Amino acid sequence: MTSTTSPLVLVFLISLTFSSLVSFAIGDNMDRDLEISWGDGRGKFLNNANLLSLSLDMYSGSGFQSKNQYLFGRIDMQIKLVPGNSAGTVTTFFLSSQGPAHDEIDFEFLGNLSGNPYTLHTNVFAQGKGDKEQQFHLWFDPTKDFHTYSIVWNPKHIIFMVDNIPIRDFKNMEERGVGFPKDQPMRMYSSLWNADDWATMGGRVKTNWTQAPFTAYYQNYRANACVISPGSSGCPGNRLKTASVLDNAWINQEVDSVSYRRMRWVQRKYMIYDYCADIKRFPQGLPAECPTRRPR
């Protein structure tokens, strides 16, 4: 590709490449990879397990999880969020290990009153320590159609993506004493639950139960990742050798110059909170991974 290729052409080629990556997952029966974990029937596989729904009412929410544990990979899920007045509800899609010193990589969608935007909350935990929140509004209505939310997790980067547009790149900065998830296998989890004590406007807007049940939908789950078997301590040695070059793209994936410009566009126009800009929260100095000057 020459240096004269226009930005629009580059965006198109990136989108086309992503379409080819996810196309073979369309139509897969999700019950082969996922299982309902709680909710007493409020989580359901539909349409021959090509669709999954989670519901929340005043008695309980619901959730599901991956059958496998992963150590690095790319996880994609298409989600259609709760429409209308979703205030007080939280829909999640995240990776997590177990225990008090757990690792975790979070997408959380905080509901809002009808006509107001969802808040997309992201966070990273390493050895039980989080406090690395960034929040965004989205440039589309996430309740009208399915959109793809992705986590790329490799030894150097955790990249959060929406419709293959990176919105956040959390880099491995262990040389600065910053924790990074790299040793603990994690499952994928998703849930729909009531958090009206904090989710919408700091808890000032409560869940309107006359709107219940609240329902979110999921499809086209794809986990292109290193699967960790029970009792194993790492990725099988032949996992990367046998995978195709295309499937292995996540191993060394980073935010290139074109993707960086797209990420900065999202952050300039749609980021509503960045812990690295919250001087009041860190009066003794920003965390070590935070740049001293934010890029423009």
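Placed from the backbone N, Cα and C atoms, the Cβ positions cover glycine too.
Annotated features, as they stand in TrEMBL:
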type: DOMAIN; residues: 1-218; note: domain 'GH16'
type: SIGNAL; residues: 1-27; note: signal peptide
type: ACT_SITE; residues: Glu104; note: active site, nucleophile
type: ACT_SITE; residues: Glu108; note: active site, proton donor
type: CARBOHYD; residues: Asn112; note: N-linked glycosylation site
For a quick check of packing: other C-beta atoms within 10 Å of the C-beta of the residue listed as 'active site, proton donor', how many?
19
For the residue listed as 'N-linked glycosylation site', what residues in its own chain, 6 or more apart in sequence, show a Cβ-Cβ distance under 8 Å?
Ser86, Ala87, Tyr118, Thr119, Thr200, Val205
Suppose you look only at the domain 'GH16' (1-218); what would the mean pLDDT be?
88
Glu104 (active site, nucleophile) has how many other Cβ neighbours within 10 Å of its own Cβ?
18
